[in-house]
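According to TrEMBL, the protein carries these features:
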type: TRANSMEM; residues: 63-85; note: transmembrane segment
type: TRANSMEM; residues: 92-111; note: transmembrane segment
type: TRANSMEM; residues: 156-175; note: transmembrane segment
type: TRANSMEM; residues: 181-199; note: transmembrane segment
type: TRANSMEM; residues: 206-225; note: transmembrane segment
type: TRANSMEM; residues: 245-262; note: transmembrane segment
Amino acid sequence: MAQNDLMSNAEDVADQFLRVTKQYLPHIARLCLISTFLEDGIRMWFQWSEQKEYIETTWGCGFFLATLFVLINLLGQLGGCILILSRNFVQYACFGLFAIIALQTVAYSILWDPKFLMRNLALGGGLLLLLAESRSEGRSMFAGVPTMRESSPKQYMQLGGRVLLVLMFMTLLHFDTSFLSILQNLVGTALIVLVAVGFKTKLAALTLVIWLMAINVYFNAFWTIPTYKPMHDFLKYDFFQTTSVIGGLLLIVALGPGGVSMDEKKKDW
């Protein structure tokens, strides 16, 4: 009984938060989600020579292809961010950013690093949620047919986005025997599962947002490291990637889990 009361009180707090922030939350979510692309695009501008030299040296592709790579990353990311924030051609912008993720995964050899690969996939999950948000229900071929609600492509985008987003948390698990680590892993895994299956989704996602924000500020405080040290750029990269995943989770909080979820199924029970 006490556990049910605690859960009910937590859900009341989450609902109150949503009522207060309903008008602003989707905008904040989109800004957080595209933050890593915005930061990376700006970095391409200020580190043009270093990025070009790295690609040219690593791949031996020559001056022209290395320059083209940096240019595509710069224009693709900044252009995509501008379109998403201005709510123009959002679907094309999302597809462009998907392509940037794939390009960087290969170019920076992220494909062979499980931790960074999962983080890139989590970014893709955030973009899937953004893509789902931009789709009008009326554009689905099943629009207006309630029994086919779960078959809408939008619902499956939301499901895919939720599942991919939780990959970020797999990179935060600490496999040691300390009590704090075990507790953090158990709580984090429970919340991950809730978001993935879409049960108590908004509350679980909001809890993960708070948890991720605390971890991000504590562990990725790049502003405390001098800019000339390599660790500054590494922590900055981690900080904005995590912020983007927070944006995806905020979209889940704002829009709900979608039709393919236990929360939605409960309405039919």
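Placement of Cβ uses the backbone N, Cα and C atoms for every residue, glycine included.
Remote same-chain residues near the transmembrane segment (181-199) are listed as 159, 162-163, 165-166, 169-170, 172-175, 205, 207-208, 211, 249, 252, 257-258, 260-264 (criterion: CB distance under 8 Å, separation of at least six residues from the stretch ends). Panel annotation: around the transmembrane segment (63-85), residues 30-31, 33-34, 37-38, 40-42, 44-45, 48, 51-53, 55-56, 92-94, 96-97, 99-100, 103-104, 107, 130 of the same chain, lying at least six beyond its termini, place a Cβ under 8 Å from a Cβ of the stretch.
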